[in-house]
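If you look up TrEMBL, you'll see B:W52, B:T135, B:R136, B:S137, B:N138, B:Y139, B:D220, B:E412, B:G413, B:G414, B:R415 marked as dTDP-4-dehydro-6-deoxy-alpha-D-glucose 1 binding site. Residues annotated as dTDP-4-dehydro-6-deoxy-alpha-D-glucose 2 binding site in TrEMBL: B:S173, B:W295, B:R358, B:Q374, B:C375, B:T376, B:N379, B:Y380. For B:24-228, B:267-469, the entry in TrEMBL reads domain 'dTDP-4-dehydro-6-deoxy-alpha-D-glucopyranose 2,3-dehydratase'.
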Number of protein chains: 2
Amino acid sequence: MVSTLQERLVRSAATVDSSVTLLADFQRWFRERLDADESRVEIIPFTAMRGWDFAPDTHNLVHETGRFFTVEGIRVRMPGAPVEEWRQPILHQPEIGILGILVKDFDGIPHFLMQAKMEPGNHGGLQLSPTVQATRSNYTRVHKGRAVPYLEYFQRTERHRVLADVRQSEQGSWFFRKRNRNMLVEVAEDEDIEVRDGFRWLTLGQLHHLLAVEDLVNMDARSVLACLPHSPLDPADTFPAPLAAGPHGTVAPGWPGQGRHALHGDADILSWITGLRTEREVFTERIPLREADGWHRTAHRISHESGRFFSVMAVDVTAGGREVGGWTQPMIEPHGPGVAAFLLAYADKVPHVLVQARAEPGYTDVVELAPTVQCTPRNYTHLPAGATPPFLEDVVEAPADRVRFDTVLSEEGGRFFHAFNRYLVVETELSAVPEEPPHYRWMAVRQLLDLIRHSHYVNVEARTLIACLHSLAV
Amino acid sequence: MVSTLQERLVRSAATVDSSVTLLADFQRWFRERLDADESRVEIIPFTAMRGWDFAPDTHNLVHETGRFFTVEGIRVRMPGAPVEEWRQPILHQPEIGILGILVKDFDGIPHFLMQAKMEPGNHGGLQLSPTVQATRSNYTRVHKGRAVPYLEYFQRTERHRVLADVRQSEQGSWFFRKRNRNMLVEVAEDEDIEVRDGFRWLTLGQLHHLLAVEDLVNMDARSVLACLPHSPLDPADTFPAPLAAGPHGTVAPGWPGQGRHALHGDADILSWITGLRTEREVFTERIPLREADGWHRTAHRISHESGRFFSVMAVDVTAGGREVGGWTQPMIEPHGPGVAAFLLAYADKVPHVLVQARAEPGYTDVVELAPTVQCTPRNYTHLPAGATPPFLEDVVEAPADRVRFDTVLSEEGGRFFHAFNRYLVVETELSAVPEEPPHYRWMAVRQLLDLIRHSHYVNVEARTLIACLHSLAV
């Protein structure tokens with residue numbers, strides 16, 4: 001009998017030593033690449049950038065070719081938020097890139113083709129990345145750069161099996177409406193795939209093991225892994241069809257999964273999101289960077305007068321083995337590490353997480369579903385006590401035996417410099433949150449996966465945590 | 001045993017004479033209201049409008065209070081389209097209104113509370129409308145107007161059952177990113193609902209009967225009815241969970257609906273949409289109406305120099321029994337009736353329609369799923385033969401015995417003046433379309449209903465046709 005995708009993914013998650021790649025071999029290989037990596041990243045003054053300059057009229061930071069991205073300003077109004085109006089710099093990169101992971105069965109076990117890739121913002125240089133990270137300029141080849149390896153599998157999918165293909169948002173505080181196309185494409189078992197230098201086939205079990213290593217699996221890889229259509233955390237996964245759900249998620253008799261249910265029915269979850277997106281007002285207007293009041297430029301940094309939030313800065317990169325030998329670019333450097341955490345609880349054996357509907361100025365559609373806690377704690381020290389993010393204490397002060405996941409991972413190293421978040425999954429009881437605050441809902445992991453198939457629902461921090469949740473199945 | 005929603009909807013669709021409202025009684029009642037309707041609509045010169053004027057700088061048409069909507073300009077670039085660049089006037093109404101239908105069981109049969117409502121653009125004055133059509137100004141009561149009856153059921157849904165709640169787009173050629181919140185809310189059978197003057201409870205079967213009457217069921221009602229989570233057209237509806245679908249829609253053994261399948265799996269459909277939204281470029285920029293080159297203003301109209309497309313014009317409305325006694329407003333008057341049609345075919349008894357991924361300048365997200373044919377035929381007479389919309393002949397020249405639905409219905413009468421579309425459903429064989437053009441896909445009706453739960457997937461013309469498809473079950 002042919003296995004279902006779900007069964008194969010569960011097998012892959014249970015496989016930590018594959019005959020294709022032994023975990024210890026991978027670790028040795030990765031360490032050797034780290035040792036051999038000669039890339040160097042240096043913080044430089046803005047004036048030392050090559051090809052980048054502040055536009056005379058707007059003071060936006062732009063590349064002379066118009067390529068890559070720009071640093072601009074936005075003016076934000078969020079009536080009802082703790083801070084209702086502000087201005088800030090933001091990255092503008094309207095083109096949609098491809099983040100793709102190639103999947104292939106070896107002996108009936110799906111493996112994922114991962115890449116050891118250097119990005120200037122990575123603390124350690126190399127991180128484990130998707131098979132493909134390609135900007136639109138890369139994949140349309142308008143600039144005749146070197147071809148991106150394996151890109152053809154994501155551009156012509158007819159002969160393959162698409163497991164996921166969805167534009168997902170990225171950081172809404174640092175990016176203006178940035179989306180990347182997240183893809184998982186499975187090739188047939190007999191398709192011959194050359195493993196190029198810098199790439200390795202890994203099982204889900206191996207990836208899950210590596211996710212728990214600090215600063216190793218990069219944001220793009222986590223985001224794509226979150227788009228897997230099934231969670232190994234919930235191997236029964238016989239959750240009924242969304243439309244079979246009755247009020248409060250009860251299901252029609254006779255269905256597999258009968259008796260299993262989500263706390264809130266799908267229609268109620270969608271209605272909650274629609275209500276917030278209809279009623280909540282977020283006005284984000286692009287302005288010249290020059291008009292970002294409160295932000296000041298020195299030779300090396302553009303920073304807020306309070307010292308909080310982040311700086312815009314510039315780096316000079318000397319790379320070994322990347323597309324070009326070296327380059328300079330602006331980056332965003334967050335001030336102080338962040339915390340992103342899900343509270344996890346089981347309702348009748350069905351895993352649920354407490355989801356926050358969160359507005360960020362760069363989102364395309366008002367609010368997205370975010371972790372229970374997502375904040376940079378030090379940004380809140382100047383605000384009154386009531387403005388402290390809900391549930392922050394519950395996660396950072398949880399007893400060790402309730403902490404199911406706790407690892408510092410970093411955000412996209414191509415744009416963000418040493419952007420660390422401590423990602424936590426803390427198990428609790430439903431009764432610990434007797435009443436959900438208006439912007440919070442318990443959602444079954446299965447419900448989040450149903451929404452992640454569509455754009456603009458699940459934010460990038462929540463996607464990292466979903467990849468981490470998958471890993472708890474091991 | 002408690003019936004499922006699906007079973008109850010099928011019962012409602014099969015009920016043409018309800019004990020609550022006999023169809024003949026409804027028809028008599030509606031005719032009497034038509035006869036008694038004293039409202040009058042007169043086309044006036046722009047200068048005769050009260051409270052509306054052209055702004056001195058932009059020439060935008062605006063209300064002195066800033067309320068309602070504005071008529072502005074847009075500049076559009078669509079590389080690769082038959083016409084790649086143009087400018088045009090467009091309606092800008094950023095606030096999201098509520099279109100809601102109240103649902104209640106009588107003797108186990110769901111009934112829908114419908115309203116006979118006058119809109120100035122309606123040819124016959126009154127049309128059958130949702131329980132509630134409320135703008136944000138209505139429902140936030142900032143202007144202290146008369147309360148909208150039944151609005152409370154859609155604003156506080158906790159005690160009721162939400163069947164659908166989703167922001168849906170409207171005409172992307174006439175509106176700039178307009179969305180309304182489409183809601184179906186079911187109250188308990190023992191909830192006492194007063195039937196106010198102008199309202200009647202109708203079954204789905206009655207609504208389906210009335211849909212086939214020219215110009216009777218209004219666009220808002222059709223749009224909301226399309227959001228019903230099940231189609232009576234496909235009463236088995238045991239289509240498996242989207243995620244259970246394997247390649248090309250095959251389903252896991254043991255599931256109800258095993259063997260039934262869609263021609264394309266859900267992941268493939270989503271990937272097709274993601275690909276088009278990533279690759280297709282649509283640049284829409286708001287400009288002052290003054291800069292809409294090619295459009296000229298006379299005393300009564302703003303029209304394109306070619307005479308095609310539409311005009312902006314103004315009306316004076318004298319209403320009996322509406323919120324205010326009379327008012328003036330600008331409207332859009334399309335030139336020449338449109339055609340919107342689905343080709344319908346059965347694959348292994350599963351109804352499929354041929355869906356077009358269509359870009360319109362006012363859409364929020366590049367393309368939406370549209371009818372097989374959607375055009376105003378006379379707008380194409382000046383273009384070369386190759387630019388004639390595909391499948392137009394197949395639907396307008398179909399033999400009578402293949403035409404399952406054929407009725408002229410009008411678009412939103414609050415903004416569009418005598419905007420008629422001929423809506424057709426034409427049955428064919430899958431083999432009649434041996435190869436789908438790149439922007440077309442056969443989709444199971446069930447797949448469309450899965451997507452209609454989310455915003456920005458199914459356009460308003462396709463939603464009308466989905467309501468019509470539901471009606472074919474009778």
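A Cβ is built for glycine as well, from the same backbone N, Cα and C atoms used for every other residue.
Just so you know, TrEMBL annotations never went through curation; they're auto-generated.
Shown here: features listed in TrEMBL, placed on the structure.
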residue	record	Cβ contacts under 8 Å, 6 or more apart
B:W52	dTDP-4-dehydro-6-deoxy-alpha-D-glucose 1 binding site	B:F46, B:L61, B:V62, B:H63, B:E64, B:A314, B:T328, B:Q329, B:P330
B:R136	dTDP-4-dehydro-6-deoxy-alpha-D-glucose 1 binding site	B:E95, B:I96, B:G97
B:S173	dTDP-4-dehydro-6-deoxy-alpha-D-glucose 2 binding site	B:E360, B:P361, B:G362
B:D220	dTDP-4-dehydro-6-deoxy-alpha-D-glucose 1 binding site	B:L99, B:S129, B:P130, B:Q133, B:N180, B:E412
B:W295	dTDP-4-dehydro-6-deoxy-alpha-D-glucose 2 binding site	B:G73, B:R87, B:Q88, B:P89, B:I302, B:S303, B:H304, B:E305
B:T376	dTDP-4-dehydro-6-deoxy-alpha-D-glucose 2 binding site	B:F309, B:P334, B:H335, B:G336, B:P337, B:G338, B:V339
B:N379	dTDP-4-dehydro-6-deoxy-alpha-D-glucose 2 binding site	B:R308, B:F309, B:H335, B:G336
B:Y380	dTDP-4-dehydro-6-deoxy-alpha-D-glucose 2 binding site	B:A387, B:T388, B:P389
B:G413	dTDP-4-dehydro-6-deoxy-alpha-D-glucose 1 binding site	B:E119, B:P120, B:G121, B:N122, B:Q127, B:N218, B:M219
B:R415	dTDP-4-dehydro-6-deoxy-alpha-D-glucose 1 binding site	B:F69, B:L91, B:G121, B:W174, B:F175, B:M331, B:I332
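Comparing the binding-site residues B:R358, B:C375 on other C-beta atoms within 10 angstroms of each C-beta gives the minimum for B:C375. Cβ neighbours of B:Q374 (dTDP-4-dehydro-6-deoxy-alpha-D-glucose 2 binding site) (same chain, under 8 Å, six or more residues apart in sequence): B:G338, B:V339, B:A340, B:A341, B:Q356, B:R358, B:P389, B:N459, B:E461.
Put simply, the two farthest-apart Cα atoms among B:S173, B:W295, B:R358, B:Q374, B:C375, B:T376, B:N379, B:Y380, the recorded binders of dTDP-4-dehydro-6-deoxy-alpha-D-glucose 2, are 25 Å from each other.
Confidence in the domain 'dTDP-4-dehydro-6-deoxy-alpha-D-glucopyranose 2,3-dehydratase' (B:267-469), given as mean pLDDT, stands at 94.
Of the recorded residues, B:N138 (dTDP-4-dehydro-6-deoxy-alpha-D-glucose 1 binding site) and B:C375 (dTDP-4-dehydro-6-deoxy-alpha-D-glucose 2 binding site) place their C-alpha atoms 33 Å from one another.
Cβ neighbour count for B:N138 (dTDP-4-dehydro-6-deoxy-alpha-D-glucose 1 binding site): 19 (other Cβ atoms within 10 Å of its Cβ, all protein chains included).
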